[in-house]
Amino acid sequence: MIIDRVEVETINSFWKLELLKEVYGLISILPILTLLLGITIEVLVIVWLEREISASIQQRIGPEYAGPLGLLQAIADGTKLLFKEDILPSRGDISLFSIGPSIAVISVLLSFLVIPLGYHFVLADLSIGVFLWIAISSIAPIGLLMAGYSSNNKYSFLGGLRAAAQSISYEIPLTFCVLAISLLSNSLSTVDIVEAQSKYGFFGWNIWRQPIGFLVFLISSLAECERLPFDLPEAEEELVAGYQTEYSGIKYGLFYLVSYLNLLVSSLFVTVLYLGGWNLSIPYISFFDFFQMNKAVGILEMTMGIFITLTKAYLFLFISITIRWTLPRMRMDQLLNLGWKFLLPISLGNLLLTTSFQLVSL
Amino acid sequence: MSLPLTRKDLMIVNMGPQHPSMHGVLRLIVTLDGEDVIDCEPILGYLHRGMEKIAENRTIIQYLPYVTRWDYLATMFTEAITVNAPEFLENIQIPQRASYIRVIMLELSRIASHLLWLGPFMADLGAQTPFFYIFRERELIYDLFEAATGMRMMHNYFRIGGVAADLPYGWIEKCLDFCDYFLRGVVEYQQLITQNPIFLERVEGVGFISGEEAVNWGLSGPMLRASGIQWDLRKVDPYESYNQFDWKVQWQKEGDSLARYLVRVGEMRESIKIIQQAVEKIPGGPYENLEVRRFKKEKNSEWNDFEYKFLGKKPSPNFELSRQELYVRVEAPKGELGIYLVGDDSLFPWRWKIRPPGFINLQILPQLVKKMKLADIMTILGSIDIIMGEVDR
């Protein structure tokens, strides 16, 4: 006890030092920086994957000169974009034009806050959890709308409008799916959602309890990411590049980043909500229990958790990349019809079914 | 133009000449009401090179290298019509072997053209991957062309009275190999594309043309045949040796973009059938009617003086176009490619009027895209299949 008190006192004495206070502040930022670094690396990997997978689908070679297997291609592209001239449209609204991409990036980055990569390995285990993501991801279209509007270009404007219409109509089915999941797990916290799936191994995953919800979530998250069957806001053949038309340099790079960040967030959420998060769901844990709570085992389990989460997420990423390079694009009215007349009633029905089952089981 | 009374501020969007999906340098001024197209005005002429005027001060053989720049994706057809016109005008017979070689080359070129229609058409719908698949097959066709003619695109292969060179040794076997390979390729396209629900949703009922409309607008080729009219110049006005082969005219009755897609894919299969038959029974003999080389027998020609007939080993003959006029036509992949030729008892044509299928087919575009969605412009434009090289000439 004495030792304890001494320790507390020493800590308090450190607290009094202004310099160390700053150091401590920096240390508290450290996880955030680590996460940012991790996300950046993952985005680079996704870009590389997309290029290689699309190349093999299209019987091309893909990037091969920048680094081994072209791994550094994404970094090279990013560096190029960083050094490119930032062209501002002379008749556009410059401030909105600059704010647009940053709003989009920040809103997507914020949603990484609630994604658990391993057991309690999460930046903020908020009680509203998933709904933070739903709320924050609605901000991104505002950035796109700003970008489209401020470019003073008709293609950009149409692209921005399309982005807004699309994200509004697909967010509702998405939210209903998330609601159904949160009903099943009696919590909105992402950690609790994963925990709720860990009971019955492989068959405890929400994908078996919510197959319809899973499909609806898959489709609407693709639409939220503006990827190919639904990439109308930047439809090259119609709107040149949509809201990105006037952007160049790193601001264009930010939009590029947003699309891949979005994809990463969606795939991680698919993992968390439907695929059992960091649980491998194969009874290997008994093997680890043998060693008792060893620190090394804890770290091993942590890395295993991260690895498993990422593997599941990349599985979904692979599916969405393959979809992008095989399917044609939908038309705007067809897209809205699918959202409002098909996905919305189905997800609503799914939610009602889930609610009634939950009521019966109570 | 009928404006909806509720909206006053329509958006006028300029698409092209620089636009990712404008197939060259077509410019469309589109009036939009949100996503709906109210009006569309095509503006042409960005690729006008005066091809008809150029023809008026060249002999036919001198003009031949120019013609592959009309429709640069179906190059053999432009050459075919360029030699057919003077041949019919002067009533020149060509050897049977030359005729068969021409048929093979034309049908290969038709496949190449349809392939490079299919890829961009799918790209217009948002699917980028078929573009790379069609190039795989198209490369093989161009390799065949290169082996026979020495050039991949701008062959300059056809001559008045025959072709410039015989087929090289082993070419026929390679061609047969290609036919077998390509039939499997077409099946692959059908599996990948035809049953795709998103594709069907995008093309079914989009850009409908009734049979009567198609005739009234002077449409030709797959545009006409997709509207239920079985009009193929290879059948109704046979040229070369098309009447010696067993094949069917491809047609559909729906008249929408899907029907045009199906007609073109079907035509690729039929072309393979024609090629296989032609390659099987290609006769021997000369590949060029050498009579054509010397037509004008001038007695007092001076040695070493400048005369067209002494220009080279295979000279442009001082081939005189007599004072007559005629219209000849071939069934190009895009439709009826015709030449209205007026001779004037001189080496040069007095008038060389080109009837490009793309130009005539393009006229119906504004009518088709009205009251459609913005994205349908690309579907319809893609299904018309234009090449600005021949539209603007």
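Each residue, glycine too, has its Cβ placed from N, Cα and C.
Pulled from Swiss-Prot, these are the features on record:
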TRANSMEM  A:29-49  transmembrane segment
TRANSMEM  A:103-123  transmembrane segment
TRANSMEM  A:128-148  transmembrane segment
TRANSMEM  A:164-184  transmembrane segment
TRANSMEM  A:202-222  transmembrane segment
TRANSMEM  A:247-267  transmembrane segment
TRANSMEM  A:303-323  transmembrane segment
TRANSMEM  A:335-355  transmembrane segment
Cβ pairs under 8 Å with the transmembrane segment (A:29-49): which stretch of A:128-148, A:202-222, A:247-267, A:303-323, A:335-355 has the most?
A:247-267
With Cβ distances under 8 Å as the criterion, find the stretch in A:164-184, A:202-222, A:303-323 that has the most pairs with the transmembrane segment (A:103-123).
A:303-323
Cβ under 8 Å to the transmembrane segment (A:164-184), counting only same-chain residues 6 or more beyond its ends: which ones?
130-131, 134, 137-138, 140-141, 144-145, 193, 196, 206, 209-210, 213-214, 216-217, 220-221, 223-224, 226, 230, 232-233, 273-274, 332, 335-336, 339-340, 343-344, 346-348, 350-351, 354-355, 358
